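Report on one structure; see the data block that follows.
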Amino acid sequence: MPDSPTLHHNHIIGLENGSLTSNNNHQGMASVSVGQFQYPIWSWLNSLADATFGKRPSSFEFIVNKTRFSSAPVVATIIISYYLLILVGGRIMRNRQPIRLQKIFQYYNLTFSIASAILALLIFEQVAPAIYKHGFFFSICNEKAWTQPLVFLYYCAYISKFLELTDTFFLVLRKKPLQFLHCYHHGATAVLVYTQIVGRTSISWLIIEINLLVHVTMYYYYYLVAKGIRVPWKKWVTRFQIVQFFADLGFIYFAVYTEVAYRLKFYKACMGHCSGHPLAAFCGLATISSYLVLFIVFYHNTYKKNAALKMKAKAAAATKGNSSESSKNADLKRLSKSNASIAEVKCNNIVTNLYPISSGLNNEK
């Protein structure tokens, strides 16, 4: 069994001639061949980026403290600023009219839905050949699965988490209520993705891929709502997110288990070494576990609790209606009896008036 590898943050794997090969300009692991697979979407992206910006994604390198947004102080500053701006923005908008921003919000959500779909396809295109050639465990645990194209795509997903912070500012400007879950989730996710890139966890592609698929659905839902379209499957968006966290935790716990068993030399009880820094694994477990709890509470309060309250209100209304109907029937009965008594008195008066002699005789007797 090989020893656990030392982490080299500046190691890059390159893509050459349709195979995954090691870049000789960097130290690190050996190459891994997946055959002559074609990567049409990746090739298209390189051509587009080259024509537009004069740079190709295939030349990207992620180096801690050198690449933009790759240092911990910068990340911390952005997240702290995000929370401070929420507080300041709320105070500024307190006595102001809400800003609608309806069209901008529509395009924003549609753009994120489409971008998430494209990024998910790009990641799948890179991972599928490795799974086909070497198996699923290789793709989530082997250090050779940490390739240059995937690093670039992870970095794109990472940057998108900072862009998604603008969700909150839309809500502030529109004077919509902000929930703790929303603000916490946005800030924590940016930090989480940062820890995974720095920690070089090979399982990252799976967690990010699932998240992107959720975002395709979620942002499309928000797009429809922003257009004023009534969407009946809102509840399923939250359910999809909860399923995502269960899946994430299942895969991460498996990876952590097999790595711990490997380090303890219980080789028969594990599938081998799982690459990545232990701190990154801990951050993943802690953060996603907190998401799962918060989303389940949100789901219960929003759907289950509200549904129970609606049922209770409906039952109370029905009981009140039945009580009102019973009271109405009782009133009708009393009125009917009263009318009958009045009719009887009138009838007696008529008889007395028609037969006064008879009445007098009766009185004399």
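Each Cβ is built from the backbone N, Cα and C atoms, and glycine gets one as well.
Annotated features, as they stand in Swiss-Prot:
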type     : residues : note
TOPO_DOM : 1-68     : topological domain 'Lumenal'
CARBOHYD : Asn17    : N-linked glycosylation site
CARBOHYD : Asn65    : N-linked glycosylation site
TRANSMEM : 69-89    : transmembrane segment
TOPO_DOM : 90-111   : topological domain 'Cytoplasmic'
TRANSMEM : 112-132  : transmembrane segment
TOPO_DOM : 133-149  : topological domain 'Lumenal'
TRANSMEM : 150-170  : transmembrane segment
TOPO_DOM : 171-179  : topological domain 'Cytoplasmic'
TRANSMEM : 180-198  : transmembrane segment
TOPO_DOM : 199-204  : topological domain 'Lumenal'
TRANSMEM : 205-225  : transmembrane segment
TOPO_DOM : 226-241  : topological domain 'Cytoplasmic'
TRANSMEM : 242-262  : transmembrane segment
TOPO_DOM : 263-278  : topological domain 'Lumenal'
TRANSMEM : 279-299  : transmembrane segment
TOPO_DOM : 300-365  : topological domain 'Cytoplasmic'
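Ranked by Cβ pairs under 8 Å to the transmembrane segment (279-299), the stretches 69-89, 112-132, 150-170, 180-198 are led by 180-198. Confidence in the topological domain 'Lumenal' (263-278), given as mean pLDDT, stands at 92. Count of Cβ pairs under 8 Å against the transmembrane segment (112-132): among 150-170, 180-198, 242-262, the largest is for 150-170. Within the chain, the topological domain 'Cytoplasmic' (90-111) has long-range Cβ neighbours (under 8 A, six or more residues past its boundaries) at 166, 170, 172-176, 178, 219-220, 222-223, 226-227. Taking the Cβ of Asn65 (N-linked glycosylation site) as reference, residues of its chain lying under 8 Å away and at least six apart in sequence are, in sequence order, Ser71. Helix, strand and coil counts from DSSP across the topological domain 'Cytoplasmic' (226-241) read 9 helix, 0 strand, 7 coil.
For the topological domain 'Cytoplasmic' (171-179), the residues of the chain that approach it from at least six positions outside its boundaries are 86, 89-90, 93, 96, 98-101, 105, 298, judged by C-beta separation under 8 angstroms. Long-range contacts of the topological domain 'Lumenal' (199-204) within the same chain, counting only residues at least 6 positions beyond its ends with a Cβ under 8 Å from a Cβ of the stretch, are 7, 9, 139-143, 145-146, 150, 154, 251-252, 255, 274-277, 279-281, 283-284.
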